[in-house]
Amino acid sequence: MSPQTETKASVGFKAGVKDYKLTYYTPEYETKDTDILAAFRVTPQPGVPPEEAGAAVAAESSTGTWTTVWTDGLTSLDRYKGRCYHIEPVAGEENQYICYVAYPLDLFEEGSVTNMFTSIEGNVFGFKALRALRLEDLRIPPAYVKTFQGPPHGIQVERDKLNKYGRPLLGCTIKPKLGLSAKNYGRAVYECLRGGLDFTKDDENVNSQPFMRWRDRFLFCAEAIYKAQAETGEXKGHYLNATAGTCEEMIKRAVFARELGVPIVMHDYLTGGFTANTSLAHYCRDNGLLLHIHRAMHAVIDRQKNHGIHFRVLAKALRMSGGDHIHSGTVVGKLEGERDITLGFVDLLRDDFIEKDRSRGIYFTQDWVSLPGVLPVASGGIHVWHMPALTEIFGDDSVLQFGGGTLGHPWGNAPGAVANRVALEACVQARNEGRDLAREGNEIIREACKWSPELAAACEVWKEIKFEFQAMDTL
């Protein structure tokens, strides 16, 4: 060790443990445009002041550790440390606080969601001083956003590729999700696409199982796509799930999909991981493939109100990592999703600039500086009676995906697809004529039934089906 280093390390160093708030709680700090800002919902252990809890979060997710170390003297902690700069109590909750933390940009590797999450959502979530911790939102500064490619193509490029405008896109998840042979699976895909859907989909856990290996599925689905396109004159697609046990195998499947000439592949981005997802997104942009993203495992992370990571953060991370579609809940179907909160992160997926709006759970203004947008996918327990509400809630830039709501039609898959397409076209036409979908939705569907026996049959089957449970995801 050089004398100079010895002197710097020894001067002013005092071993021991000191409160985090002495270093990491800085209420006077003015945030910078280049800071990554985080809003944490913190539940301290009894006896732990909120200032100490917030400072502990800032410390443990940046430069801090449990004791003073002499190597602190070898760098500038003021430059690199996270700072808890504001704390506010959560209305209606005992001993819960929103703690705002600012992180200097130099803490993070460029273009790496993996590194960003490892820092901000790493060991701190197991910290003993906290009873619970939830990351509610992140502000990603433009300087960091510009280090990411983002979605392979984005909303406008996808519409141009498909030549479909002025309405939501329609999809269907093939059921049963497991157990079909590749040929029967391809048959179901063909029937749905021929009936009027834009897309069909592999379910999230369809990879390459003994009953249906991936290569066989890809071949039969490609045949179904081309046959349906020839008969309808419309561009069609099937989300071929490229998720695999290794990145190399995943890319191999995407390469085969490209060689078949199909328009879109799929990835389970949470179970597959952000590194794999970003790699696939880069491949898709370079090779003209759209990328559909499934969020399998998200509820393990985001459903508890006081611990975990809110889905709006996972949605922002996906936009940075890359994906052209992502499942976002339905508001009206069988899966969790409160309306205002869902629309908050739907806007974060689609729009270029989103203002802070605490009523929708948006803690920070977010500027995406032209990063392409992501289409939200409404999927899970929806059927034709939901079409007016879905069209009104999600608007044109969305994918409405009916699995059981297509394949459960009493006359078969193709009539189920016809029913959904007729219902959608009726709702879009009514909206364009100035009718109120929220108030007149059922009447609009009944009118369309008069000239579509397929829709009438679907309406009869699902007239009593509702999923009325209180949403867990509230402010």
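Glycine is no exception: its Cβ is also placed from the backbone N, Cα and C atoms.
Cross-referencing His325, His327, His409 against the substrate binding annotation in Swiss-Prot, which names Asn123, Thr173, Lys177, Arg295, Ser379, picks out His327. If you take the CA of Lys175 (active site, proton acceptor) and look 10 A around it, you hit none of the recorded positions from Asn123, Glu204, His294, Arg295, His327, Ser379. Lys175 (active site, proton acceptor) falls within neither a helix nor a strand when secondary structure is assigned with DSSP, and so counts as coil. According to its DSSP assignment, Asp203 (Mg(2+) binding site) is coil. Counting only the Cα atoms, the space from His327 (substrate binding site) to His294 (active site, proton acceptor) is about 6 angstrom. Taking Cβ-Cβ distances under 8 Å and a sequence separation of 6 or more, the neighbours of Arg295 (substrate binding site) in its chain are Asp268, Tyr269, Leu270, Phe311, Leu314, Leu318, Ile326, His327. Using the Cβ center of Lys201, Asp203, Glu204 for Mg(2+), the list of other same-chain residues with Cβ within 8 Å runs, in sequence order, Thr173, Ile174, Lys177, Asp202, Asn205, Val206, Tyr239, Asn241, Met266, His294. Ranked by Cα separation from Lys177 (substrate binding site), the binding-site residues Lys201, Asp203, Glu204 are led by Asp203.
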